[in-house]
Amino acid sequence: MSAALMTPELVRLDVAPPGDKHAVIGMMADLVAATGRAERDGLEAGLLKREESFATGMPGGFAIPHCRTEAVREAALGLVRLSEPVDFGAPDGPADLIIAITAPAGTDDQHLKLLAQLSRALIRPEFLAALRGASTPEEVSELVMGVVAPEEAGTDAQAAGAATSEEPADGAVGTSTASTAAPPSGSAPASAASSSTAPPDEASADAPVLLAITSCPTGIAHTYMAAESLENAAKEKGVRLHVETQGSGGITPFTEEQIAAASALIIAADVNISGRERFAGLPLVEHPVKRAISHGPQMIDEAVAAAANPSAARVTAASASNEPAQGGASQSWSRRIQGAVMTGVSYMIPFVAAGGLLMALGFLIAGFDVAFVAQDVATGFSLSSLPGHQEYEGATGMAQTERAGLALYLGAVLFTLGNLGMGFLVAALSGYIAFGLAGRPGIAPGFIGGAVSVAVGAGFLGGLITGLLAGLIALWFTTLTPPRWLAGLMPVVIIPLVTTFVVGGLMLLFLGRPLASLMTALQDGLTGMSGSSAVLLGVIIGLMMCLDLGGPVNKAAYLFATAGLSQGTEASFQIMAAVMAAGMVPPLAMALSTVVRRRLYSPVERENGTTAWLLGAAFISEGAIPFAAADPLRVIPSMMTGGAVTGALIMAFGVGSQAPHGGIFVAFAISPVWGFVLAILAGTLVAAALVTAAKELGARRRSVTA
């Protein structure tokens, strides 16, 4: 069976390309169909469909169009070596080696495992070099089968070796190359479905233990190439790595011991992975599967940094299950509650971003007075019946809107949409906090509890309380063992009903009014801030935003700002501007430092610095995390100082932002823009100067010690 996967008839060498990649795929379909293994048009359609979903070009100048389809009668491997490369979407350029992997829709596991072994081999430069150096289709077939079925190919190789040892000739080159490209029999690739491990003797005893899961839609090629790339990178870096491939050849899951010893999890997948709940609480690095193939070393570096970073993104409890994750039981309650709050904030941010930016666009188009008439205009007029100047009651009496007609109508529609979206903010926060603790049974009670918080005026403080209450109560229910006849009703009826009654009752009867009074006092205090007290608040906000770069403290400051944004006061706009500007400082400062003193940074850090320019400009504080994780004692204090400077200047200049996210790209919603830009520049320069000086001093001390 396996010996027939590739034969010389399935190989063509040094062929002029018939056109673009679509034409090459058609040629591959012709090649396989000519052997009687597939129906030509159906195979071409399957290969093209896969190519449209994800480009199959790989770093190293090769492409792997592949599919599983009813059009294939017998699994086959086809190879075409082009005389001129063709673009298949790889990041490093066009491909000259095209390897088609075709399998029937009902392919058995053994076939899939053999195909997976070829996918792993394709990531090795020496194997690709051997394919490019082969001079005949027979040599190529022997090379490939030496990887796919080393036992069978080994017999042929021994016979060929005996002949060539007696009479060396030019043709012997292909045979010797095959022996180097194929793995020795004692180290043949493991079962493609198994979880493999980087050799422990290549990792130091105190090296972090990483887990990696790879998966792609077809489950044949990318899944195993990503695994091979990560394994090779881990070996080079002396990191212990276990890989679980969730491919078409099946899954052999990690052992409990491997999960317990792990420091971080890598997910390289384009589909949902199974068993995600096993890793609740582990630091997480997640990317598409192709990134693991092309940037395996960087992903290993990211995972090592995440393992050492207490603020790294983590696998949330119950993220793939209706019940709390099994691994969550080993976490302390403080960690579980912190993780749940972070989950709530993370899920709330899209509501804030969508709603806030729509409101800001409404202001841009219709003017700031659209807020007074937006709902009436959006519901009372249409594109065929545009409004004129509308009267409203302002702070100084009756007034008219600045704009009319299409501008007022479109602005009112955008503002109304955004305002409705912002109305979900507290409910989403509460609902997803409950989800983070209890899984799906906590969502409805959490959302309803958040709505009650808004109704009684408790705001985001009430949302935090109702989310935690709903999650904890629903979590307690999931620990019960109901009768079998009742078990099906528990998650969809009983738990949401009882939990909602308890949480809503507590808010309406006992907690709502005290929390509402606290929120009112907080808002009044912020509104009354001016002068030095406002500047001090800006300093505190700047310090919080730069302390953990996207962690709990950073998110707390962001939540504080976005929750107040819906109030529409000048103080709330200034707090939002301070949060956004201070959060932009760390990535911009690190990017500047990598430019000013390139020699202080590794090539990977300099590359991260280039990316950090855009991340910082867009208000993505996490762009500085790789630097902070690698050198926290020098980076974090420097960033906090710069953030404090920026926050203080924002409040001193009276800068306000009506947009909750977007950085410099939402300048239209910020006033005055000059104050916003000046504050960011000042904080960036301070932070960059401090971190550069600290690293320079550290480098000098190391050179003196050496």
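Keep in mind that glycine also has a Cβ here, set from the backbone N, Cα and C atoms.
Pulled from TrEMBL, these are the features on record:
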type: DOMAIN; residues: 4-147; note: domain 'PTS EIIA type-2'
type: REGION; residues: 155-203; note: region 'Disordered'
type: DOMAIN; residues: 210-305; note: domain 'PTS EIIB type-2'
type: DOMAIN; residues: 337-704; note: domain 'PTS EIIC type-2'
type: TRANSMEM; residues: 345-368; note: transmembrane segment
type: TRANSMEM; residues: 406-435; note: transmembrane segment
type: TRANSMEM; residues: 447-477; note: transmembrane segment
type: TRANSMEM; residues: 489-511; note: transmembrane segment
type: TRANSMEM; residues: 532-551; note: transmembrane segment
type: TRANSMEM; residues: 571-592; note: transmembrane segment
type: TRANSMEM; residues: 612-629; note: transmembrane segment
type: TRANSMEM; residues: 635-656; note: transmembrane segment
type: TRANSMEM; residues: 663-691; note: transmembrane segment
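For the transmembrane segment (571-592), same-chain residues at least 6 beyond its ends with a Cβ under 8 Å from one of its own Cβ atoms are 526-527, 529, 534, 537-538, 541-542, 545-546, 549, 554, 557-558, 560-562, 564-565, 608-610, 612-613, 615-617, 619-624, 627-628, 635, 638-639, 642-644, 646-647, 650-651, 654-664, 670, 676, 679-680, 683-685, 687-688, 691. Note on the transmembrane segment (612-629): residues 301-302, 305-306, 308-309, 311-312, 545-546, 549-550, 554, 580, 583-591, 594, 605, 635-636, 639, 661-665 of its chain, located 6 or more positions outside it, place their CB under 8 angstroms from a CB of the stretch.
Ranked by number of Cβ pairs under 8 Å to the transmembrane segment (635-656), the listed stretches 345-368, 406-435, 489-511, 663-691 are led by 663-691. Applying DSSP to the domain 'PTS EIIB type-2' (210-305) sorts its residues as follows: 42 helix, 25 strand, 29 coil.
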